[in-house]
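Okay, so here's the structure we're looking at.
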2 protein chains.
Amino acid sequence: MLSLAVSAVSLALIFTNESFQPIQAAIGFAILGYQMTTSLIPAVSTAFLKRGLGGRDLSKPGKPLIPETMGIIPAITYMFVMILFIPFMFIFGSDQNGLSGMFPHKMLSTYLGCLLSLMSMILLGLMDDLFDIRWRHKFLLPAVASIPLLIVYYVDFGVTAILVPHFLQQWLHLETNSVDLGYLYYFYMASVAIFCPNSVNILAGVNGLEVGQTVVIAGLLLLNDLFYLSIGTIQSPSYSIHLLSMCFLIPFVGVALGLLKYNWFPARVFVGDTWCYFGGMVFAVVGISGHFAKTLMLFFLPQIVNFVYSAPQLFGLIPCPRHRLPKFNEEDGLLYNSYTEYGQVDATSEKGRRNPPLNSRLVPVVLFLERLKLIGVVKEYHDGEWVIHKTTNLTIINLFIVWTGPIREDKLCTLLLATQFATGFFMLVLRHTLAPMLFGFDNSWSMLNRYN
Amino acid sequence: MLSLAVSAVSLALIFTNESFQPIQAAIGFAILGYQMTTSLIPAVSTAFLKRGLGGRDLSKPGKPLIPETMGIIPAITYMFVMILFIPFMFIFGSDQNGLSGMFPHKMLSTYLGCLLSLMSMILLGLMDDLFDIRWRHKFLLPAVASIPLLIVYYVDFGVTAILVPHFLQQWLHLETNSVDLGYLYYFYMASVAIFCPNSVNILAGVNGLEVGQTVVIAGLLLLNDLFYLSIGTIQSPSYSIHLLSMCFLIPFVGVALGLLKYNWFPARVFVGDTWCYFGGMVFAVVGISGHFAKTLMLFFLPQIVNFVYSAPQLFGLIPCPRHRLPKFNEEDGLLYNSYTEYGQVDATSEKGRRNPPLNSRLVPVVLFLERLKLIGVVKEYHDGEWVIHKTTNLTIINLFIVWTGPIREDKLCTLLLATQFATGFFMLVLRHTLAPMLFGFDNSWSMLNRYN
């Protein structure tokens, strides 16, 4: 009954849109997407488990088996909704010169290229969830998925210049404020496409975190878009770009919240790599097609910090256990730090591998980091020097537990998401105060005039 | 070594294309697709079996377990190749007015809409193979997958008129030779999209038949395209439409032959519903985007006959066992007819259901069909009337065995494919001799002037 009423609201938003502007329709489609997602997920859970798509939640008493790869459902729902969105974007209500708040017809093929890239990402992410593609290869899957968008960009648009800061312009004696990167620009875009999905995938392992971070990042991008819409007019070239970005992101938030309902602590479903890749790719697609990939990066600060912080383990400077998730204590229901133990058999390794002791030159570094509260250490004073027995695993999830002490899973997730929002918002403010000084103007006003 | 040489040939075909025309590049991409398919299939077979994607081949001694759903590999390969094809179609070598044998830029969004529909079909087909979607629902999956194409058609082009024959035009007192169907046209196109994939799916169960029929139909469509190219000039409107159709079909034949190599008797892989849906959708997409959906139907004659012939079983007039495949005899290695038994327990039913006796009013019909050699019957003369014990299952596969007697699987498949080609070729000739008489002209010359 309630759900019927909500459907009615969503349809009303989509269709009763007199001074047609796409944001109202986007909100309608977001509600529709939320509803489809929340009704499909419980309907298909059993079928997923039956097909072997399930995983154990190690941070719950009894380690229950719950459906895995469930991110495919909101992802497919999103594609469905975005395809239904097309006529509302490109036909209904647009006037002769295509400027009534709708999109010029020329943007259609770019839009379709974006959808093709997202679809490719879903398919490849699903392949990864089904067949466990090797780490080295899966890292590159987003680059493959970005090919449709890059090719359509090349055929349809082909601007390969980026803006450079004032001081760089003077220093390099450039005559204009932009540099044409030529073919390098496509490598740059492919890197963005590799970066976003893998970033989301790397900060994972706590109920709600994978989906939550995509919701927060989408929210930050929406704030950025709103900023441009508020200072621009329909005639300014950045206007339609940021309007399009909102049309991508609002329905995305709808389906993501639908998934979050089931993935939030205590999770009833896992989202799978499909979701991380798909969510990240939505951001990449929005940034690339909107020509604001650099701004996009600002919202991934926790992911970047997590990557840098993880680097000593990822690149083998200190041992890296198979899982680096926090450790669940059934007695108090809290998450504790997980550790890398030196000179001990690695309990997470299948082969019973023994970790080497910590390199003696790294001991002072570890002790220094401990003093800065950047790592948790279990040590012993022995024969006039410190022996490091174990250190916390190098993920920001563990780092937060170093700071907070044992913590319940949902509180930890909330804290991580709040940090994501706070750092992103700070960068957003910086972006619109500092960048104009560096670049000499805000590129909302100067952006390479694309579609007009 | 050989494969390297073949790759070199394919790349040479793609890149050394001076008077650039897309057919040469399409052949290059077809070879590339064939190579990718044949090298990927053996590489992923084990992973598919491990994930539970395997099925038993009931028509082989020992009923070996072989990988299932393998059609996903050529399908993804096809998408990859068709995306790489884009710049060769829409940029390289096209002159100012876009008429150097390449495609006008305006066709790009239609092309992308086609790719989106194919991608959707792959994803939905895969869902079906993974989760065994109910028959009633899966029947409609192609309609959902066709939505992107229909919407792009609506936004981009929107011609909803079809040509009517001369006599109909006079009879209905029409002023023009076309009728605008309006929104009905979209139902018509959706029906085409439902028809083609389900047609392919319905004629299945013999090694090589699913893939083989898609190769034969693609071949027939290519002959039709070649006919138009041979009578038209670059300026005639149907020219670029049929050129585009060839660009879709040539690489399709490449990946299909790659799959056929592994699916031909004795099959080392099964293709899955994914392939049937995908292959059928390629034809639907080509027919819809090229506005020749009616001609397309002509090449599906065996599928249509199979459907009509199956109808009494599909609609419950006589009992329908769960499987209607021919029966394999391990002793002589041949396929025999399978039967529906009346008044007996159905051996294929899980619930041990007992079939009712044949309705007495149907007995003379069955005896008449037997006389026409249209059904195989096991009967007994009892108390002055015939008692029908069992009749062959109503598929054209069984019908062929009624005609040939027990037959080896590959011979049966070849016979079915040869019939498909022969009937299709006959219809093709009829199409270009009879249709001009009915319609007053061949629509290759009059086709609604779309892109020029």
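Think of each number as a place in line: the chain as shown, counted from 1.
Yeah, the Cβs are placed from backbone N, Cα and C, and that goes for glycine too.
Taken from TrEMBL, the feature transmembrane segment applies to A:29-49 (among others). A Cβ distance under 8 Å defines the sequence-distant neighbours of the transmembrane segment (A:29-49), meaning residues of its chain 6+ beyond its ends; these are 3, 6-7, 9-11, 13-14, 65, 67-70, 73-74, 77-78, 80-82, 84-85, 250-255, 257-259, 261-262, 268-269.
Look at TrEMBL and you will find A:70-93 (among others) tagged as transmembrane segment. Nonlocal intrachain contacts for the transmembrane segment (A:70-93), taken as residues 6+ away from its ends with a CB within less than 8 angstroms of a stretch CB, comprise 14, 17, 19-20, 22, 25-26, 29, 32-33, 36-37, 40-41, 44-45, 48, 100-103, 105, 107-108, 111, 115, 118-119, 122, 125-126, 129, 210-211, 247-248, 251-252, 254-256, 258-259, 262-263, 269-272, 274-276, 278-279, 282.
Annotation source TrEMBL lists transmembrane segment at A:108-127 (among others).
Sequence annotations record features per position, and here TrEMBL assigns transmembrane segment to A:139-163 (among others).
Per TrEMBL, transmembrane segment is recorded for A:183-203 (among others).
Listed as Cβ neighbours of the transmembrane segment (A:215-235) (distance under 8 Å, sequence separation of 6 or more from its ends, same chain) are residues 99, 101, 241-243, 245-246, 249-250, 252-253, 256-257, 260, 282-283, 286, 292, 295-296, 299-300, 417, 420-421, 424-425, 428, 431-432, 442, 444-445, 452. Feature annotation from TrEMBL assigns transmembrane segment to A:215-235 (among others).
Residues of the same chain lying 6 or more positions beyond the ends of the transmembrane segment (A:241-262) and with a Cβ under 8 Å from any Cβ of it are 22-23, 26-27, 29-38, 41-42, 70-71, 73-75, 77-78, 81-82, 85, 89, 101, 103, 107, 111, 114, 208, 211-212, 214-215, 218-219, 221-222, 224-226, 228-229, 232, 268-269, 271, 275, 279, 282, 285-286, 289-292, 447, 450-451. The transmembrane segment annotation in TrEMBL covers A:241-262 (among others).
Look at TrEMBL and you will find A:274-293 (among others) tagged as transmembrane segment.
Taken from TrEMBL, the feature transmembrane segment applies to A:299-318 (among others). Sequence-distant neighbours of the transmembrane segment (A:299-318) (same chain, 6+ residues past either end, Cβ-Cβ under 8 Å): 195-196, 199-200, 202-203, 213, 217, 220-221, 283, 324, 340, 358-359, 362, 391, 393-396, 399, 416, 419-420, 423-424, 427-428.
Summarising the annotation, TrEMBL assigns transmembrane segment to A:412-430 (among others).
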(request) Give residue numbers and ranges for long-range contacts of the transmembrane segment (A:108-127): same chain, 6 or more residues beyond its ends, CB-CB under 8 A. (result) 69, 71-72, 75-76, 78-79, 82-83, 86, 89-90, 133, 141-142, 144-149, 151-153, 155-157, 193, 197, 244, 248, 272-278, 281-282, 285, 289
